[in-house]
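Would you mind keeping the following structure in view while I ask a few things?
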Amino acid sequence: MKILYSLRRFYHVETLFNGTFVLAGRDQETTGFAWWAGNARLINLSGKLLGAHVAHAGLIVFWAGAMNLFEVAHFVPEKPMYEQGLILLPHLATLGWGVGPGGEVLDTFPYFVSGVLHLISSAVLGFGGIYHALLGPETLEESFPFFGYVWKDRNKMTTILGIHLILLGLGAFLLVLKALYFGGVYDTWAPGGGDVRKITNLTLSPSVIFGYLLKSPFGGEGWIVSVDDLEDIIGGHVWLGFICVFGGIWHILTKPFAWARRAFVWSGEAYLSYSLAALSVFGFIACCFVWFNNTAYSSEFYGPTGPEASQAQAFTFLVRDQRLGANVGSAQGPTGLGKYLMRSPTGEVIFGGETMRFWDLRAPWLEPLRGPNGLDLSRLKKDIQPWQERRSAEYMTHAPLGSLNSVGGVATEINAVNYVSPRSWLSTSHFVLGFFPFVGHLWHAGRARAAAAGFEKGIDRDLEPVLYMNPLN
């Protein structure tokens with residue numbers, strides 16, 4: 001066997017169970033990678049790598065279609081989506097398909113269509129992936145120079161980056177078009193408890209849109225996660241669309257400047273590490289967004305946020321005890337603070353009790369009861385609507401707490417329902433999808449930088465502690 005690495009250093013650090021194993025005409029001897037290193041064997045085979053990526057896209061779209069149809073088949077219209085463990089139908093409902101006032105599902109056919117379209121798309125992608133992985137040219141450079149590339153070719157790499165940015169920008173514009181012209185989107189803030197509406201008055205002011213980026217991520221500020229009206233969300237997508245499209249055109253037309261050529265490592269593994277870092281950032285932002293935001297992720301579909309369920313409980317008992325004759329404005333709790341109402345650090349009137357920590361929650365069922373100084377006592381006495389009572393009682397019993405095999409909801413709430421909130425699912429999964437790509441980013445960045453600097457990857461076996469330990473037997 002030809003040795004591709006110094007035996008002293010064990011360059012690739014893979015110890016093979018079966019060093020002679022050949023897969024798709026490639027083995028460790030010719031590629032330097034074992035069979036399980038997957039696409040690493042295809043680093044310099046652009047045609048085969050294209051096949052791997054297209055097939056991967058096919059798997060992703062197949063999951064989306066199959067899971068979509070699975071959720072449609074199991075969907076019960078009489079129960080809220082969040083009580084049924086659904087994670088895809090809420091996204092479709094948020095886009096305004098199949099739902100009406102209050103988030104009630106009127107028609108599941110659009111959901112069925114979505115699932116079938118994704119399945120058909122996945123078949124096309126799957127065929128393309130298999131074709132390019134097994135039958136197509138190993139490398140694209142000779143036959144299709146436009147699609148060919150060399151990892152070190154900085155100009156080609158930024159051109160590919162530009163094409164990706166343009167596609168992302170067009171994706172942002174698709175949401176804008178849906179919201180403005182094609183039926184609108186679901187707005188949880190629509191009067192009377194939410195409805196589908198077209199967005200007419202876009203927020204395009206740069207001070208508002210980019211103001212979100214300058215906010216603190218903590219407390220009531222909440223960075224971009226604090227966005228609470230659809231005009232800002234859709235206006236933000238207009239900005240994103242233009243930035244991505246013009247940035248893409250810029251990257252296609254220009255070559256990297258000298259400072260960029262010096263600052264970056266220009267290799268396949270380096271690009272992988274950059275991509276993983278970006279995915280990691282997306283994962284962490286998505287985690288916070290789905291956990292805290294009830295505008296982009298309407299509580300009608302995803303269930304209440306944690307703070308929302310807590311405030312709903314305080315509101316429900318305020319309503320009950322007020323009916324029983326309690327004076328909610330002056331009743332004292334066991335700590336000497338107000339039992340139902342108290343003041344926040346900045347002087348607003350807020351709910352008392354343990355939920356005081358969530359005083360800066362904003363929710364569509366609660367905001368109509370606020371005045372210029374927080375909760376308005378006269379509105380609490382005279383203006384509470386039946387839909388607000390119903391919704392808060394529902395949210396109170398569906399807190400996004402609990403684990404796979406537990407009773408969901410607040411542990412002390414006797415009416416809680418056995419369920420796990422989609423917010424719990426989506427935020428925990430996206431935290432994991434933020435954390436592990438970050439570890440992968442560090443790993444691949446380290447390898448890429450080591451390779452670029454010219455020293456060998458892996459551990460020097462001469463200094464490995466195990467060499468100096470007594471045998472176990």
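Glycine is no exception: its Cβ is also placed from the backbone N, Cα and C atoms.
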For the record in Swiss-Prot, which of the ranges 17-39, 178-200, 201-223, 408-430 is the transmembrane segment one?
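It is 178-200 that Swiss-Prot describes as transmembrane segment.
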Taking 291-312, 313-334, 335-356 as the choices, which stretch does Swiss-Prot tie to transmembrane segment?
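It is 291-312 that Swiss-Prot describes as transmembrane segment.
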According to Swiss-Prot, which stretch among 44-68, 69-93 corresponds to the feature transmembrane segment?
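The range carrying the transmembrane segment annotation in Swiss-Prot is 69-93.
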Quick one: find which recorded stretch in 134-155, 178-200, 255-275 has the most Cβ pairs under 8 Å with the transmembrane segment (291-312).
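Counting Cβ pairs under 8 Å, the winner is 178-200.
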What number of additional C-beta atoms lies within 10 angstroms of the C-beta atom of E367 ([CaMn4O5] cluster binding site)?
11
Hey, which of 69-93, 134-155, 178-200 has the most Cβ-Cβ pairs under 8 Å against the transmembrane segment (255-275)?
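Checked against 69-93, 134-155, 178-200; highest Cβ contact count belongs to 134-155.
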If H, G and I count as helix, E and B as strand, and all else as coil, what does DSSP give for E367 ([CaMn4O5] cluster binding site)?
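It is helical.
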